[in-house]
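Have a look at the structure below, then the notes.
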Amino acid sequence: MPLRRWARSSAAALALPVLLAYLFFVMSRSVDALEDNWLSATVLVSSAAVLAAGPVCAAAGAWEGARLARGGVDDAAAVRSRAAILAWSLLPVLGAALVALLGGLALAGVAMAGVAGLPDPLVLAVALLVITAWTLAGFAAGRHLHPLVGVPLLLVGTWLWLACPAALETFWVRHLTGNNLGFCCETHTVYDRRALYAQAVVAVSLAGAAYLAWSRRRGARPAWAGIAGLPLVAVAVAFPLVRDMGPEAQVPRTSGLACGRSDGVEVCVWREREKRLGTAALIAVPAARRLAAGTGLPAPRRVTEGPATGGASWRFAMPPGAKPDDVLFGLATGLLPAEPPVCGPGWSGADAHGPLSAWLALKAGAGQDAVERRTGPRSTGAARRALGLPAAEQVRWFRHNLDALRRCDVSPSEVTLP
Amino acid sequence: MRTWLRVHRAAQVCGALALTAGLVAAVGDVLVPVPGLAVEDLAGVPVALVAPLAASSVLVRGALAGAGGLEAAAVRPVLAYRTGMVAVVCALSLVMALVVTVPYAAAAARNLVGFTGLAALAALPRGRRRDAATAAPAAYLVAAMLLGRPGAGSWWDWPVEPSPHPATWVVPAACLGFGLAAPVLARLRPGRRPRRRG
């Protein structure tokens, strides 16, 4: 068949404008909120592509599957394999999905101009796998269902499977769909690969079951075993991968730092922010020295945006648009415990968090107005009162209240204004 | 009549209606996040408003099933059977919505009427495969999700309006009424012979 006629006669010709419009619509709502890393752009593109192309390609698959069934491929003498017959109908639909995905990547590329890095190929590959699986599911449904039933059922059914789990409080379901909620990740986090592997397992099993359902000969019992068994295998493999995951598939990032030395201290930022390494060193190193002197803690040998132990290495953050006061506040509050201790009701240690944050930020050199905006006037007032104490008294006040934040049996001291 | 019901998949239509009713009762109030052009935040569409598309598609498939040529020459009033089947199912959904106290039941019944009416309208132009009826209800639903602004003044975006206030019934009822009446009226026009369909 001539290629143009082959492509024009496919449902993909109708599906492509629809899914392109929906993809650009979904992306346009979020492209301004992208983080300064390519992973967030890749996840947005893959999420929009799956949400737009998944249902539309499934519906197009149901249409094409019904066309093949109406054409009599089940009953006619075979001149080519079932896989070849399927491929000639499947390729235009998948081609439309690929065009949409590349269009989304082009849009993301414009938004990410100047950000170092490349799209994550694994995220994109899983997105294509999910779209292929749903398209095959459409072909399988189309073999048995009239388009009047198959097309709306696949369109809405696939969309519900992709969109609905985001509204459920059972978090693990959302990590199986491939939708990825449209957002991941901040620069200090990476996508949890377990979710990608689980999505790939579900997609492969769906594709396998759908292919068996489409290609099985009438009355062939072994095919039914595969059609029923593959989803069970997928659940058995994918569920343990995502069972313990929270609402978002983010885990802390541990690699990808760009480091330099300044005044004897190693300063590290994420490699996407390498251009700002000098500025970061100028702000963070003197502030770290001021904090060490003010709190009596040993001066750090390393200040970093990456993992920090809290002893010899301190943590800070320098996201795009951050002002020096924001960087100082982040460095100062990085000295406080990230999580409260597990105490019973009546624990009052949390009262110390605001005054300690304000005191540390002021010690680091942050402006009073910026500190008050972040911690509130009461916390800043308590911090100012503590700053009026002699240096040794201030260190004692800091250590006591730091203990109150870490332990259940210590109450905060002098953290409220009279 | 029994043969007609079997050819027009009456059992499947009943099954789909029961399944949809169960779905609306069980998870109808789950909100599915949908990005909309007309609203800033993600709007949530209850599953109950989307589920009737499944029952509607099975109903329309059942109503349009059968050999057109045979039915055009049939002695029995098959057009009345078909119109009656669609009307009875829609009426049944309305009765169920009135009887049960399930959230969004009335809106779900309205959407069943509306989707069926849209498909009936789309199937009016004579064509063997009725391609437009395949996509029209789903396309209208997606358009309403993207462009609709549910609220007190809703009328055209009834598929995403959770409350069944009277204005939202106008378009669905008109679609169903016209979609069912048009073939009957065409049959009643004097001097016009029904066209043979291939």
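Using N, Cα and C of the backbone, Cβ positions are placed for all residues, glycine too.
Note: TrEMBL annotation is automatic and uncurated.
Small disclaimer: the values here were computed from a predicted structure and weren't measured.
Long-range contacts of the transmembrane segment (A:43-63) within its own chain (CB-CB distance under 8 A, at least 6 residues past either end) are made by residues 10-12, 14-15, 18-20, 22-23, 26-27, 30-31, 34, 90, 93-94, 96-97, 100-101, 104-105, 107-108, 119-120, 123-124, 126-127, 130-131, 134-139, 141-142, 145, 147, 150-159, 162-163, 177-185, 191. Annotation comment: TrEMBL describes A:43-63 (among others) as transmembrane segment.
The transmembrane segment feature in TrEMBL is assigned to A:83-116 (among others).
Taken from TrEMBL, the feature transmembrane segment covers A:122-141 (among others).
Only residues 6 or more beyond the boundaries of the transmembrane segment (A:148-168), in the same chain, are considered here, and those with a CB under 8 A from a CB of the stretch are 50-51, 54-56, 58-59, 61-63, 65-66, 134, 137-138, 141-142, 174, 176-179, 181. As annotated by TrEMBL, transmembrane segment applies to A:148-168 (among others).
Residues 65, 82, 86, 122-123, 126, 129-130, 132-134, 136-137, 139-140, 143, 175-178, 223, 226-227, 230-231, 233-234, 237-239, 241-242 of the same chain, all 6+ positions outside the transmembrane segment (A:196-214), place their C-beta atoms under 8 angstroms from a C-beta of that stretch. Annotated transmembrane segment per TrEMBL: A:196-214 (among others), in sequence order.
Same-chain neighbours of the transmembrane segment (A:223-242): 172, 175-176, 194-195, 197-199, 201-202, 204-206, 208-209, 212-213, 215-217, counting only residues six or more beyond its ends whose CB sits under 8 Å from a CB of the stretch. Annotated transmembrane segment per TrEMBL: A:223-242 (among others), in sequence order.
Per TrEMBL, the feature domain 'DUF7224' maps to A:267-408.
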- prompt: What counts of helix, strand and coil residues does DSSP assign across the domain 'DUF7224' (A:267-408)?
  reply: 86 helix, 10 strand, 46 coil
